[in-house]
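These come from Swiss-Prot:
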BINDING   Asp14, His15, Gly16, Lys17, Ser18, Thr19, Asn130, Lys131, Val132, Asp133  GTP binding site
DOMAIN    2-183  domain 'tr-type G'
Amino acid sequence: MKHIRNFCIIAHIDHGKSTLADRLLGATQTVTAREEKAQLLDNMDLERERGITIKSHAIQMEYTYQGQEYILNLIDTPGHVDFSYEVSRSIAACEGALLIVDAAQSIQAQTISNLYLALENDLEIIPVLNKVDLPSANPEEVSDDIIDLLGCKLEDIIHASGKTGFGVENILAAIIEKIPHPKGNIEEPLQALIFDSHYNPFRGIEVIFRVKNGQIKKGQKIKFMATGNEYFADEIGTLKLNQVPKNVISAGDVGYLISGIKEAKEVKVGDTLTDAKTPTTNMIVGFEDVKPMVFAGIYPVDTDDYEELRNSMEKLQLNDASLVFAAESSAALGFGFRCGFLGMLHMEIIQERLEREFNMTVITTVPNVSYLAYTKKEPEVGMIVNNPTDLPEPSKLDRVEEPYIKATIITKADFVGNVMGLCIEKRGVITNQTYLTTERVELNFDMPLAEIVFDFYDRLKTVSKGYASFDYSPIGMRTSKLVKLDVLLNATSVDALSALIHESNAYHIGKKMCEKLKELIPRQQFDIPIQAAIGAKIIARETIKALRKDVTAKCYGGDISRKRKLLEKQKKGKKRMRLVGNVEIPQEAFMAVLKLND
């Protein structure tokens with residue numbers, strides 16, 4: 001056990017985590033030159049295409065250092081703010097972390113937030129300055145930034161390049177010398193933390209765990225403590241590039257377990273595994289459930305696919321512990337699910353994974369956050385509102401509270417004005433402004449979560465020419481003046497387009513919604529009024545003009561009354577049509593409402 005090291009890699013997006021992980025795997029000969037390819041651990045097509053890490057990946061390396069063999073378990077983590085729960089899970093399974101900072105971009109908001117996570121878990125931090133071979137690299141200045149942040153010595157910082165492989169040997173040496181070996185006792189009852197799970201269609205659920213105490217043997221009967229279910233360990237082993245079956249995995253090591261579990265609900269990430277005969281009494285603590293930030297409805301395009309969609313969602317949930325969903329129905333879209341996501345990127349990715357991995361085409365409704373509504377009858381008891389249609393009527397409503405966040409934005413000094421302008425437009429209140437260096441400024445805002453859900457991230461990048469980085473943490477609920485904006489098509493409300501909006505933005509957003517829908521809804525044989533309403537008050541309107549057939553074309557010359565008769569008849573037909581006609585809303589219309597500023 002003294003020769004095991006568990007570590008993870010933390011960094012901001014695009015600071016080169018996955019590339020450096022590739023180099024470490026190459027240097028320890030975990031992968032042969034033939035198997036090597038870029039982003040080796042990112043095994044989802046989506047991850048490769050977007051060049052981001054979505055899932056944490058575990059892999060075991062063997063390395064000989066000063067004549068002694070060591071086992072290094074690397075857990076690669078995502079850098080995007082939406083996936084910070086993946087990072088927190090990986091951190092719980094490690095003793096040390098490589099903090100990677102890009103020599104050209106310096107420290108970013110995400111680097112700091114992940115670093116705090118690691119420090120809370122008492123991890124040993126090894127600072128690595130990556131991409132030192134770039135022409136735009138500025139190692140001296142960035143080293144000073146790292147020293148200010150960590151309080152380490154200049155000689156502690158390892159210079160490296162994921163591209164050329166420079167400095168990789170030094171990193172491996174530092175991992176072995178600085179990161180403490182796992183503490184644990186082989187003699188005690190089995191206690192292992194589940195930090196990930198995958199669904200394999202042939203073998204059921206693969207559980208990935210880290211043993212804290214005791215050991216797990218092949219064929220042993222094990223128990224999941226959260227659910228109390230017992231299974232036989234049909235196959236256990238370690239994770240190299242492919243799985244390597246073993247007969248026993250002892251304290252301190254990371255491995256996988258296959259026991260033919262088919263039900264997604266049986267395996268909870270963060271649960272403790274133990275021996276069924278002599279179970280441990282205490283679960284591994286310090287692991288909290290992730291709270292979804294953004295809610296949206298997901299509906300099958302064809303209502304017959306509802307059950308299939310449920311199965312797909314359950315399988316996705318296995319692999320992505322942060323996805324939460326509950327059944328709901330909508331008058332406009334039929335049966336579907338209300339899903340909770342970590343953020344907009346997460347929502348997009350779930351939608352793409354449903355389409356790719358399960359061939360499901362789905363309709364997504366306008367995303368919103370979770371509100372607390374208080375009625376006049378019970379002004380002390382708040383009801384949770386995840387769906388705008390659940391909001392009580394305005395006459396019964398006392399007040400609505402919405403979640404606020406503390407946003408940390410790090411940007412270049414030139415763009416401070418632009419960034420502040422954007423945040424104030426989004427109802428943010430500045431709480432702090434610090435100059436980290438003469439060039440870089442950290443801004444802190446308190447702002448409503450609902451405002452950053454839509455397009456905040458994209459617009460922040462635009463106003464700062466791509467330089468600003470952003471991170472947020474929730475700070476609780478605050479009372480706000482919110483109204484429910486309904487969209488009426490042909491005088492009937494479309495529940496899937498309803499949204500909860502701050503009073504000050506309501507007119508502006510209502511008008512834009514109507515204009516956007518006018519462009520996207522195809523013309524019919526009759527006029528379609530599109531209206532935005534708050535309660536009974538209409539605040540904006542657009543009309544989609546009717547397509548008209550020329551009924552008088554067959555008359556030439558002759559009496560005007562003949563033509564009039566035909567026109568009157570057409571008018572009656574249109575009137576009847578408007579009463580019974582229903583308007584189909586294309587999928588683009590639901591999505592376009594999200595991007596009102598384009």
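Using N, Cα and C of the backbone, Cβ positions are placed for all residues, glycine too.
Under 8 Å, Cβ to Cβ, and six or more positions away along its own chain, Gly16 (GTP binding site) finds Ile100, Asp102, Asn130, Lys131, Gly162. Within 10 Å of its Cβ, the residue among the binding-site residues Ser18, Asn130 with the fewest other Cβ atoms is Ser18. Its Cβ placed at the centre, Asp14 (GTP binding site) has 15 other Cβ atoms within 10 Å.
Shown in sequence order, Ala103, Pro139, His159, Ala160, Ser161, Phe166, Gly167 are the residues of the chain, 6+ apart in sequence, with a C-beta less than 8 angstroms from the C-beta of Val132 (GTP binding site). Along the domain 'tr-type G' (2-183), the predicted structure has mean pLDDT 75.
According to its DSSP assignment, Gly16 (GTP binding site) is coil.
Look at Asn130 (GTP binding site): DSSP puts it in a strand.
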